[in-house]
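**Student:** Below: one structure in structure tokens.
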Amino acid sequence: MASTFTSSSSVLTPTTFLGQTKASSFNPLRDVVSLGSPKYTMGNDLWYGPDRVKYLGPFSVQTPSYLTGEFPGDYGWDTAGLSADPEAFAKNRALEVIHGRWAMLGAFGCITPEVLQKWVRVDFKEPVWFKAGSQIFSEGGLDYLGNPNLVHAQSILAVLGFQVILMGLVEGFRINGLDGVGEGNDLYPGGQYFDPLGLADDPVTFAELKVKEIKNGRLAMFSMFGFFVQAIVTGKGPLENLLDHLDNPVANNAWAFATKFAPGA
């Protein structure tokens, strides 16, 4: 890609990692610099290639030879050698992206009902994520967003059926790339339905968005794990746990509940 440009200039590109500033060869397809303002868009060489940021920064040991920085989110860390086999590596990349997307949606869905009920005064019968589903077995059923005019669910079988159909259609479009629906890429279908705003039209922006997606997806997966543990230990939702901690950090923290994991406690 860089060979298509006959001229380049050396610029100083600020990076967000350890406050470093490095000299690099400016390339319009690789580095996007807003010269009219102090805000810089990260160069893709910060996240891709042999000189990318590593998992321990400057203290990282030699990274495995198969982790070349070709793919987004590769920080050179694979202690267990899970990605040594190319086929396993490809499968794991796909699994991570898909699970990260589900986790981002899940984390958003876990927090939103509590936020809406507390500060927007939306009347949910049960805003806590791990308790809300049981409302479908109540006499009045389950109202989506607390509004009976949206979806008034009274049958768990009907909900599961619609879920399978809707998710199956989306996954089918994603994998098969039907004409006019997607572009045939399993992980990044694109097209007017999967990228209606054209966010991935520019290759530099697309490469940067892939990194942002995988980083936020990993964070969301850890968040969901934290929500699961909180639900088991405290029996409360994530927002209520957060507010309790902010109200009294000394009394409401992980250490205060650590004994609940001890046998016989």
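Cβ atoms are placed via backbone N, Cα and C, with glycine included.
The following feature annotations were taken from Swiss-Prot:
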type: TRANSIT; residues: 1-22; note: transit peptide
type: BINDING; residues: Tyr55; note: chlorophyll b 1 binding site
type: BINDING; residues: Trp77, Ser83, Glu96, Arg218; note: chlorophyll a 1 binding site
type: BINDING; residues: His99; note: chlorophyll a 2 binding site
type: BINDING; residues: Arg101, Val151; note: chlorophyll b 2 binding site
type: BINDING; residues: Gln135, Leu145, Glu213; note: chlorophyll a 3 binding site
type: TRANSMEM; residues: 150-170; note: transmembrane segment
type: BINDING; residues: Ser155, Glu171; note: chlorophyll b 3 binding site
type: BINDING; residues: Gln163, Arg174; note: chlorophyll b 4 binding site
type: BINDING; residues: Gln163, Phe261; note: chlorophyll b 5 binding site
type: BINDING; residues: Lys212, Gln230; note: chlorophyll a 5 binding site
type: BINDING; residues: Asn216; note: chlorophyll a 4 binding site
type: TRANSMEM; residues: 219-239; note: transmembrane segment
type: BINDING; residues: His245, Ala254; note: chlorophyll a 6 binding site
**Student:** Which of the listed binding-site residues (Arg101, Lys212) has the least company, meaning the fewest other Cβ atoms within 10 Å of its Cβ?
**Tutor:** Lys212
**Student:** For the transmembrane segment (150-170), find every same-chain residue at least 6 residues outside the stretch whose CB is under 8 Å from a CB in it, and list them.
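**Tutor:** Counting only partners 6 or more residues beyond its ends, the transmembrane segment (150-170) has Cβ contacts under 8 Å with 136-137, 141-144.
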**Student:** Within the same chain, where does the transmembrane segment (219-239) have neighbours whose Cβ lies under 8 angstroms from its own Cβ atoms, ignoring anything closer than 6 residues to its ends? I mean 6 or more beyond.
**Tutor:** 99-100, 103-104, 106-107, 110-111, 114-115, 118, 127-130, 257, 260-261
**Student:** Taking only C-alpha atoms and a 10 A limit, tell me which of Trp77, Glu96, Asn216, Ala254 are near Tyr55 (chlorophyll b 1 binding site). These are the binding-site residues.
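**Tutor:** Passing the 10 Å Cα cut: Trp77.
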**Student:** Compare the Cα of Arg174 (chlorophyll b 4 binding site) against each of the binding-site residues Arg101, Leu145, Asn216, Ala254 and report the nearest.
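**Tutor:** Comparing Cα positions, the candidate nearest Arg174 (chlorophyll b 4 binding site) turns out to be Arg101.
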**Student:** Restricting to the binding-site residues Gln135, Leu145, Asn216, Gln230, which ones have a CA within 10 Å of the CA of Val151 (chlorophyll b 2 binding site)?
**Tutor:** Leu145
**Student:** Can you tell me which of the binding-site residues Gln135, Leu145, Gln163 is spatially closest to the residue listed as 'chlorophyll a 2 binding site'? Compare CA atoms only.
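**Tutor:** Spatially nearest to the residue listed as 'chlorophyll a 2 binding site' by Cα position is Gln163.
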**Student:** Using only C-alpha positions, which one of Gln135, Leu145, Gln230 is spatially nearest Glu96 (chlorophyll a 1 binding site)? These are the binding-site residues in the record.
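**Tutor:** Of the binding-site residues Gln135, Leu145, Gln230, Gln230 has its Cα closest to that of Glu96 (chlorophyll a 1 binding site).
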**Student:** Using Cα coordinates, what distance in whole Å links Arg218 (chlorophyll a 1 binding site) and Lys212 (chlorophyll a 5 binding site)?
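**Tutor:** Cα-Cα, rounded: 10 Å.
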**Student:** Quick check: of the binding-site residues listed here (Arg101, Gln135, Lys212, His245), which one has the Cα closest to that of Trp77 (chlorophyll a 1 binding site)?
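**Tutor:** Nearest in space to Trp77 (chlorophyll a 1 binding site), counting only the binding-site residues, is Lys212.
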**Student:** Select one residue from His99, Arg174: among these binding-site residues, choose the one with the most other Cβ atoms within 10 Å of its Cβ.
**Tutor:** Arg174
**Student:** Fill in the CA-CA distance, Ser155 (chlorophyll b 3 binding site) to Gln135 (chlorophyll a 3 binding site), as an integer in Å.
**Tutor:** 11
**Student:** Taking every protein chain in this structure into account, which of the binding-site residues Ser155, Gln230 has the most other Cβ atoms within 10 Å of its Cβ?
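**Tutor:** Result of the Cβ crowding comparison: Gln230.
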**Student:** Ten-angstrom check, please: count other Cβ atoms within 10 Å of the Cβ of the residue listed as 'chlorophyll a 4 binding site', all chains counted.
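**Tutor:** I count 16 other Cβ atoms within 10 Å of it.
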